[in-house]
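A.B. asks: One structure, pasted below without further comment.
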Amino acid sequence: MLNIVIFGAPGSGKGTQSENLIKKYNLAHISTGDVLRAEKAAGTELGKLADSFMSKGQLIPDDLMIDILASVFDQKIKAGDCKGVIFDGFPRTIPQGVALSEMLEKRGQAISAVVSLDVPEEELIERLINRGKQTGRNDDNYETIKARLDVYYNQTTPLKELFEKEGKLYSIEGVGSVEDIFSRISSVIDKVK
Ligand code: ATP
């Protein structure tokens, strides 16, 4: 199985690139942000709890997130004949990174590659402000964007070192056309698959 982590700051293009990658490589897409937004839209208790963190730009607690991830992973694997999974928005903390490796190991699998999309902060902010205008996502406003970027730099970027040590980290320039970025990511995946 091809298990790709797509890694990057809010607004780095993880979702857009994931949509293209799942088609090209026949992968299932697990976006933890989408899972939580779907729970919110359905008005579940989990959705209400998640929104209380998301609307402030904070992370949902690790133990809850790790349970959600494992159950979504098992559902996706059972549901289709995919060749692997794209993890988009997970892991976001060191404990989540450790948990992902353990979860895959238990199932006789491993992370194939971590693709990090590098985008300068000014561009991230501009993209997210524009997305907020278009989609009305309630965490795409200036104050919450700043909080999400802080969380990313403080809690998520330390994961890069972990994956670097394991020889799994591939950093890609995340600026330019969507097609150019997609071909950079594809060449990484072609190498590891
Ligand atoms: P993108 O620009 O790719 O959409 P993003 O970081 O802006 O990335 P999501 O990945 O959709 O957006 O995440 C939105 C929010 O959902 C996060 O700010 C956080 O509150 C919550 N969330 C999503 N994934 C996790 C996770 N793995 N752990 C904790 N909280 C999460």
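Quick reminder: no glycine exception, Cβ is built from N, Cα and C everywhere.
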A.B. asks: Report the candidate from R127, R148 that shares the AMP site with T32, R37, Q58, L59, I60, G89, F90, P91, R92, Q96, R137, as recorded in TrEMBL.
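C.D. replies: Of the residues offered, the record points to R148.
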A.B. asks: Can you find which of R107, R131 TrEMBL lists as binding ATP at the same site as G11, S12, G13, K14, G15, T16, G176?
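C.D. replies: Record source TrEMBL; matching candidate: R131.
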A.B. asks: Among the binding-site residues G13, T16, R131, R137, G176, name every one whose Cβ is found under 6 angstroms from ligand 1, counting any of its atoms.
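C.D. replies: The qualifying binding-site residues: none of them.
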A.B. asks: Helix, strand or coil for R137 (AMP binding site)? Use DSSP.
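C.D. replies: Looking at the DSSP assignment, R137 (AMP binding site) belongs to neither helix nor strand, so coil.
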A.B. asks: Using C-alpha atoms only, work out the spacing between Q58 (AMP binding site) and G11 (ATP binding site) and round it to an integer in Å.
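C.D. replies: Rounded to a whole number, the Cα-Cα distance is 16 Å.
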A.B. asks: Take the region 'NMP' (31-60) and count its residues per DSSP category (helix H/G/I, strand E/B, coil), listing them in that order.
C.D. replies: 20 helix, 1 strand, 9 coil
A.B. asks: How would DSSP class G11 (ATP binding site) in three states?
C.D. replies: coil
A.B. asks: Quick check for you: of the binding-site residues T32, F90, R137, which have their Cα within 10 Å of the Cα of R131 (ATP binding site)?
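C.D. replies: R137, listed in sequence order.
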